[in-house]
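Engineer: Take this structure, written in structure tokens, and hold onto it; I'll ask about it next.
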Amino acid sequence: MKLFNPRLIVFICALLLGVGFSVPSLLETKGPKITLGLDLRGGLNMLLGVQTDEALKNKYLSLASALEYNAKKQNILLKDIKSSLEGISFELLDEDEAKKLDALLVELQGHSQFEIKKEAEFYSVKLTPLEQEELRKNTILQVIGIIRNRLDQFGLAEPVVIQQGKEEISVQLPGIKTLEEERRAKELISRSAHLQMMAVDEEHNKDVMKMTDLEAQKLGSVLLSDVEMGGKILLKAIPILDGEMLTDAKVVYDQNNQPVVSFTLDAQGAKIFGDFSGANVGKRMAIVLDNKVYSAPVIRERIGGGSGQISGNFSVAQASDLAIALRSGAMSAPIQVLEKRIIGPSLGKDSIKTSIIALVGGFILVMGFMVLYYSMAGVIACMALVVNLFLIVAVMAIFGATLTLPGMAGIVLTVGIAVDANIIINERIREVLRENEGIAKAIHLGYINASRAIFDSNITSLIASVLLYAYGTGAIKGFALTTGIGILASIITAIVGTQGIYQALLPKLTQTKSLYFWFGVNKRA
């Protein structure tokens, strides 16, 4: 029989693949590596709450803004357009325009579903309960996507952002070490980056010092903080446009060499911006970011081009973070930090050390048992275990997977699963040998009889791992990932690899006089 049979070649290829792609992770050399998770590397863990009620308010605010703009274009006279969590309300001044208004509402509805109530000339519009629930779900998904986008642009490796509960998000940031990094990451994540252009309420702004929020609301306006001038400023509650029409944001420098954030609007935003500025020359328009007024310049002429600047005595880092937040999109709902935990790198090192001790200790005990009980067959099984471990590390490195503490536990468990397969095979071989059958037949029947049980066991375990990975949280996913990879690797090493070794050694095995040396068993007398 040939020394290099197909199964042995597969085993050798698995060994070379495992060693080749494991070296960068084990020896810190160049190449694809496993990324250590938060619990092993240290970093920042935050639980965020998403205020989906605000997303609903913002939806109605955008709808009110679009309604006001389009109604003016079509000469539909509306009065007292108000927006709240309950929807939008307004009064139609000319009943003859009712059909045009109905057509406009259908146009603004798009793919959404509205509940429209009419009482004489008074209208109220809101989303259906089903649409509201869908909006809340989509808000969570949108916030998760934006956070991931921001963290990617921030340069953090392998951030973990997942939904936890109905309206909560778990964020894990491995590698955050300094208070400054923590502050920047927290600010970048929690910032809404909600950009709006709003008209200054010039008529009532002179009374702003003694005005309350409730009084401003009754006027159809809103009181906001003025970052540039200090104090408060009164703005029309319905914005001219918002950040949904923003296409780009970047850091530039003004005439005083101070960093500012330049933004560009899409075609629709540029048209609205130009139309408003052209119709309101001599009046002020405020640039509002996260409910703070950064500037409120007087419009000198029609502003074309759809671009503007946000200035506010920013540092370069602050301007850069703001540009990232604007580029990645505005949060449709504000978020708040409900819980924050810092995991120090020393704790991660202790976890790695403890896990390695457990892995090595368990591996040595397993190897000792296998060699003592199965002799050379145990040595061959141990070779398969080593290749199995290399394959797990290699596959995780190739796909850039993150190794967590539960993942380390999964690797330790995989050692037990892999050795189980070898034990079943060796016991089946020994059963045939006790019947005084030849070694070649014993090996052949041993693998045939063992394979079905091994496949059944591993397939059920693999299904469980897939389900855990699909529906589990971050920690469970790490455990499921390493366990699943280990199960697949054990099929290659235990069933294919060890059989290839036996086939290569078969000429020598058939001539041996000591079955105990090879399999730890003697033929029955």
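The backbone N, Cα and C atoms fix where each Cβ goes, glycine too.
TrEMBL entries are annotated by machine, without manual review.
Owing to the predicted nature of the structure, the values given are computational and were not obtained by experimental measurement.
Below are the features listed in TrEMBL for this protein:
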DOMAIN    142-202  domain 'Protein translocase subunit SecDF P1'
DOMAIN    228-333  domain 'SecDF P1 head subdomain'
DOMAIN    334-501  domain 'Protein export membrane protein SecD/SecF C-terminal'
TRANSMEM  356-374  transmembrane segment
TRANSMEM  379-399  transmembrane segment
TRANSMEM  405-425  transmembrane segment
TRANSMEM  453-472  transmembrane segment
TRANSMEM  478-502  transmembrane segment
Engineer: For the transmembrane segment (356-374), give me same-chain residues lying six or more residues beyond its boundaries with a C-beta closer than 8 angstroms to one of its C-beta atoms, as numbers and ranges.
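Structural biologist: Same-chain contacts beyond the flanks: 381-382, 385, 389, 408, 411-412, 415-416, 419, 422-423, 426, 519-520.
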Engineer: Taking residues 6+ outside the transmembrane segment (379-399), which of them lie with a CB under 8 Å of any CB in it?
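Structural biologist: Residues packing against the transmembrane segment (379-399) from afar: 11, 14-15, 17-22, 24-26, 31-34, 363, 366-367, 370-371, 411, 414-415, 418-419, 422-423, 426, 481-482, 485-486, 489-490, 492-494, 497-498, 501-502.
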Engineer: Would you mind giving the whole-number mean pLDDT across the domain 'SecDF P1 head subdomain' (228-333)?
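Structural biologist: Summarising the domain 'SecDF P1 head subdomain' (228-333) by its mean pLDDT gives 83.
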Engineer: In the same chain, who gets a Cβ under 8 Å from the transmembrane segment (405-425) while lying at least 6 residues past its ends?
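Structural biologist: Counting only partners 6 or more residues beyond its ends, the transmembrane segment (405-425) has Cβ contacts under 8 Å with 37, 39-40, 351-352, 355, 358-359, 362-363, 366, 370, 381, 384-385, 388-389, 392, 446-447, 450, 453-454, 457-458, 461, 475-476, 478-483, 485-487, 489-491, 493-495, 498.
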Engineer: With DSSP as the reference, give the number of residues of the domain 'Protein translocase subunit SecDF P1' (142-202) in helix, strand and coil.
Structural biologist: 25 helix, 17 strand, 19 coil
